[in-house]
Amino acid sequence: MRDRFGLGLRLAAWGVPLALLLTVMVFPQIEIWLTRSFFDADLRVFPFRVAPLGEFVRKILPIFLFALAIAIALLGAVAAVRRRPLWGIGPRVAVYLLACLALGPGLAVNVVLKDNWGRPRPSTIAEFSGPKTYVRPFVLSDQCNDNCSFSSGHAALGFWAVAFALLAPPRRRQLSVAAALLFGSLVGLARIAQGGHFLSDVLVSGLLVSGLCLWLHRSMIRNAGFLPGKKTGPASL
């Protein structure tokens, strides 16, 4: 039963998003249709953009997550001085969690993709009363200069939860990863509902960040390949 659950989780984490992304690349009208379901054609607005929950996801959630990152850095520093984990956070775990955030949502999504791909956001294209033209995923465009639609920064932050889930005890790890993927997906859905991102933006962020978290966990935690110290010693964790 456990193996079946693990296989199902891997399929949900990789197979389903990849299949959806490939489908959207071939039939882009799918993500336009999904976005249209949240658009009020009479008022020409995305109502969820100004809804309290939508405002929380867009403005407050990133602040909370960055505050969490600062707390992790402080805990890791204190743990290094005391040479023992503090509330389950040691130097190695702190560096791992911060690396997942910095390299995934930070470098890959916000620096490399969002500031260079030029994809206009849904709320700015003609289908939703905007002046710009829809651009397929992975296609470079000059319609946006920075902080563009591809890929989703908020969803990437949501999928950072996978880094924490991978630290769960083995018996709970698969369920924790499933919950983390659901959390990231809901954050992404909220941004779609606000007209801030397309479905493909969320899928790319999810695949990129969760894959990076898995690789860093294997390298830095499971195999201890990047940092010195014993794999299970308290000072190294």
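A Cβ is built for glycine as well, from the same backbone N, Cα and C atoms used for every other residue.
Keep in mind that what you see is a predicted model, and the values were worked out from it rather than measured.
Look at TrEMBL and you will find 95-217 tagged as domain 'Phosphatidic acid phosphatase type 2/haloperoxidase'. Residues annotated as transmembrane segment in TrEMBL: 12-30, 60-81, 93-113, 150-168, 175-192, 198-216.
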Subject >> Listed stretch, out of 12-30, 60-81, 93-113, 150-168, 175-192, that has the most CB pairs under 8 angstroms to the transmembrane segment (198-216) >> reply: 150-168
**OP:** Among 12-30, 60-81, 150-168, 175-192, point out the range having the most Cβ pairs under 8 angstroms from the transmembrane segment (93-113).
**Re:** 150-168
Original post:
the domain 'Phosphatidic acid phosphatase type 2/haloperoxidase' (95-217): mean pLDDT?
Top reply: 96
Original post:
According to DSSP, how is the domain 'Phosphatidic acid phosphatase type 2/haloperoxidase' (95-217) divided among helix, strand and coil residues?
Top reply: 80 helix, 2 strand, 41 coil
